Amino acid sequence: MDLTLQTPRFKVAYLAVCHETDSLLALKWLRCNSSQLLPLEYVALRSRCKTRFAAVGVFKTHSLSLSPCVGAGGWSPLVSDRYQWLEVDLGRRTQITAVATQGRYGSSDWLTAYLLMFSDTGHNWRQHRQEDSLGAFPGNSNADTVVQYKLEQPVIARYLRLIPLDWNPTGRIGLRLEIYGCRYTSDVASFDGSSSLVYRLSVRPSWMTMEIISLKFKTLKNSGTLLHAEGLRDHSLTLVLEKGKLLLYHQQGRPLVSQLSSSGGQLLVSLGSLLDDQHWHHVKLERLSTHVNLTVDKNTQQVHVPAELSHWHIHTSHGLQKPILSNRNFHGCMENLLYSDLNLIHLAKHNSPQGNVTFSCAEPVSVGVTFTDSHSFLQLPGLTSWSSGVASVTLQFRTWNKVGLLLTFDLPQQDGTVLLYLNSGCPSHLLSVTLENHRSDIHTHFSSGLNDGQWHSVELNFRQDHLSITVDKDEGATAHTSIPLPLTSHSQLFFGGCPPQTSSQDCRNPFKVFQGCMRLLTLDDQIVDLISVQQRLLGNYSHLQIDMCGIVDRCSPSHCEHGGRCTQSWSTFHCNCSNSGYRGATCHSSTYEQSCEVYKHKGNTSGHYYIDVDGSGPIKPQLIYCNMTEDRTWMVIQHNNTELTRVQSSLERNQHFAHFDYSSEEEQLAGIIGQSEHCEQELSYHCRKSRLLNTLEGSPFSWWVGGPGSGQVQMYWGGALPGSRQCACGLQDSCLDPSHYCNCDADYDQWTDDSGLLTHKETLPVRSLVLGDIQRPGSEAAYRVGPLQCHGDKNFWNAAFFDKETSYLHFPTFHGELNADISFLFKTTSSSGVFLENLGIKDFIRIELSSSSEVVFSFDVGNGPLDVRVETHIPLNDNRWHSVRAERNVKEASLRVDDFPAATQEAPADGLIHLQLNSQLFIGEEQEQKGFLGCIRSLQLNGVTLDLEERAKITPGVRPGCPGHCSSYGLLCQNQGRCVEKANGFSCDCGQSAFTGAFCHKEVSASLKSTTSITYILKEPYEPSRNSSALPSSIYSDITLRAENISLSFRTSQSPALLLHVSSFYREYLTLLINKHGEDTPAAFFVLCFSDGLDAELAGLTSLGFTGCLSGVRFNSISPLKAALLHPDSPVIVSGPLVQSSCVSSSPANPYAAETTHSLSVLIFFLWFPGVIAVVIFVTVSALVVMARFICSRKETYRNQEVKAAQPEDGHEFPFSSQADSPSAPSENQKEYFI
């Protein structure tokens, strides 16, 4: 039958029975611990539908069964809009576990989306959210199919309200509803701010490994003490509600609760937010040895507590020593207060609690209203009593937004408008009243921002020609103005916004939107009946949620990782990652690299770098010195004593203890050692009559502690094997006394040592050292524990080669529910292919090369598929390494390829946020996708490296490792350095370069005096007779060199000076000189070549030598200065002082500080006597004489054209001065030449 009601909304006062006529919906009572939603019994509660509202509507009621074959009817209001709802009164608080919906029988009426609200009182509704984000539930796609939603956490409530959001566009709102749940019982106590429950242990219990205190509470007050637990020796824990958050304090002694933060009470943890919302919140304290887990609703944090708190005496409300400020005591209700297996409220019913404790929960009714968006407003008419000119308006509000309109009304008599608005963005005035057209403002000041999510009160009092505004009463501020602001009965008040503008309404909102909650709106001390507003019986409104406050704290728990600071507005949050070492929307991704090896392959040289060994993982970045040599990259971790330390004998002590504190934390050390291919640490002991390890059978005199954590005692020394109780000499059979295994154990009265490297990673680092044989007269010792040094990054070079498109690797499911970052390197010649993929029931995540110049990151977390694309302007299938980094978090998804700009996609507001995957993670081909052909390297998921090589060893079609790195990194080798392939990476061979270092970038320079000479001997391809004055030219007819390459840098104040001189046994010469013409003429460079010997004047000049600094000397493929300094075994002869120095730096104490470094690059062509200089270089013995001294205060660069060789006939007209300038005179030529 059809029943016409006077409302489009209705309440079911009692629950109707399934399959009965005149039924509306069904409740199935279940076993709540059952894994399946099976009915336990049906409860027969039959009633007619009742209503409290007086609007016209239609309700159709028939027998109900959520089955496509049985039952009929359903709910269908007369008007289909978003202001309808279906409310169910379950008669008592019930544990609700699931709901199921179905369309109206035999119609086109069904819901496609809806909201669920719950309440204990029929007021103060709370919206149920999926994943704490998405509030909408998916509905039906037809009238017959049943769609069931099982609540992740059961909801305990008496009232349920279903609000339609969307419905079949060709039909109307239609619904059949079934609710699943079970009975709920509890013990409740109500506290009025002066009452408490105290539970003391009469007999000390036996030791329990775990103690648990749990309770539920609800309150409208934002402050109060919930719990106080006392342990031994006046140690105690106190759980305090402060500004809607729960704070756990530990204190020793008995401070007042109001003095916790100022009298030595230590704040252990803060958890929860907005807990003063008059909804039940679950709290649990678990003691596990010396740790306590605090859980508030679904969030848990662990803290350390002293051992004196191993047993507790429980106080609720306060139970502390008097006096206690009453506003610090808890005012509200508690439920199911349990201490282990004891129900304390149940026990209190049979005893006498302190104060006015009642065992029921009397809840005050507070009707709030939520302004959700820019279309939200509430319009109220003025009161008739306002004609006297005396009026007052008060309200309470809470918001996260800095700016928003609270109240506005028109003053037609004065042709003005009053605006009461929040302006927390301006520090000078946080809340303002502006009278427009009169240019008058009233500002109030407050100690903290009014957009902190707390309730704040505003009171406006109008007295004819006087207005006062008060914020937060006693705790806030008051401002006044004498401008008359008359309110009349015809005034219209607009709260939170304005309606769409019409000619009959004059409301202006320059702030566009107020998003927040209001409550306790009063006009002349009369509370506005917002339920009447909801029924359209009073005022007007739009886009409001009445009888609830929908504020959400998006920063509790914070999605900002790694110490990022969370701030928020009504609809979103922001993470400030400054000084955290991380970046991204949630501070998830590390700013730093994971090893020195990675820094090197980005072209960095030796220096201090921040290393984040686990990327986006929990380990903090650390500052480490990276020593990048030609063949290896070392990470050097210092400790507090790396110097050789002398130990004197002492009769007062038998042992010397040394503890080593490292610059890195324990987790950082473990991470570095674990990811490195090799680690070592020097351990040296210098001794004189001081024994070390004694014998294999006897107790050792000395030992050291090393390894992860606190370490373990080690009884071997540097250079030996773990557990051997030997030193390096014992392993090599080279000890001073063959009967001992360490040199120091010979106990000689002379200095000797046992030194070596500790190379077994499981025993590193060295944490402490104990030296025992130091008390005897004459005993002397010294020790040195060097820094920990590691090289090789197993993660960075972990690679696999996919040689078929059908090849793939599989790994366990990737768990990145809220934050997921994936990074890897790849190289390929293929134009497309899937790098990786992981699937769920509906969710998925995938990264693929979609074309030769585009990478796509695709995923779905339940809001629909989303693609993030990066297109490059260069091909990515060039068989070079390219990097990919994809990240997805609750705010956005991003993708970066190499150094191209990152692409980002914002996550939908209030969308699903959890990525739920359940299949294996596939690397390469998966059945429905095109596979990947090429190499993948250093694949990391949330900072954890997948071991591709180990999995590739047992997988057909995939090979471990991937050679060919010089194509990508070869350009890092500078100054004629040659890239050399290695199994894991590459190195730069600097053998043909005048430079050294990881990339042949480091200059080799020296300071020379005029008496210094370096002679480099070139081997001849043919050994001529040195007695013959000439050789047939036909012998060297195959030598066709026609040019010589000379490059060097120098610094000197000497002129004239010889830079380079080459001579052969055949009277052929090449000389590079510097000279200047007069005092004001800059120095010039002369390259002179002769085939018939030197004249006397030039010979005199070559004997002047060179004083200054010389670096980067290269003659064709020969680097004589580098050979003299770094390779003494090469065919080089050095005479005179030769000191390695640097030509690029200067010292104030240096007498040549005014000099400038000059660089020359000389390419000499020998077209007029081909082959002669080739004979000089390759056949005969040549000498290169160079002298230098370094000084510099500035550096300038000039580039000159190539200087060609002078003709022989011009060789006797050289413009040289025969007198050398004083070496101490500053150079007049402050230029750098490239010739």
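Cβ coordinates come from backbone N, Cα and C, glycine included.
Cross-referencing C935, C990, C1000 with TrEMBL gives C935 as the cysteine bonded to C962, criterion being a recorded disulfide.
TrEMBL assigns the feature region 'Disordered' to residues 1203-1235, out of the candidate ranges 444-476, 477-509, 675-707, 1203-1235. Away from its own ends, the domain 'EGF-like' (963-1001) comes close to residues 597, 600-601, 603, 605-606, 628-631, 633, 677, 792, 797, 827, 879-881, 1047-1048, 1112-1114, 1117, 1119, 1121-1122, 1126 of its chain (Cβ-Cβ under 8 Å, at least six residues beyond either end). Assigned with DSSP, the residues of the domain 'EGF-like' (551-588) fall into helix, strand and coil as follows: 0 helix, 10 strand, 28 coil. In the predicted model, the domain 'Laminin G' (367-549) has a mean pLDDT of 82. Counting every protein chain shown, the number of other Cβ atoms lying within 10 Å of the Cβ of C935 (disulfide bond) is 22.
Listed in sequence order, A799, A800, F801, K827, C935, R937 are the same-chain residues at least 6 apart in sequence whose CB falls under 8 Å from the CB of C962 (disulfide bond).
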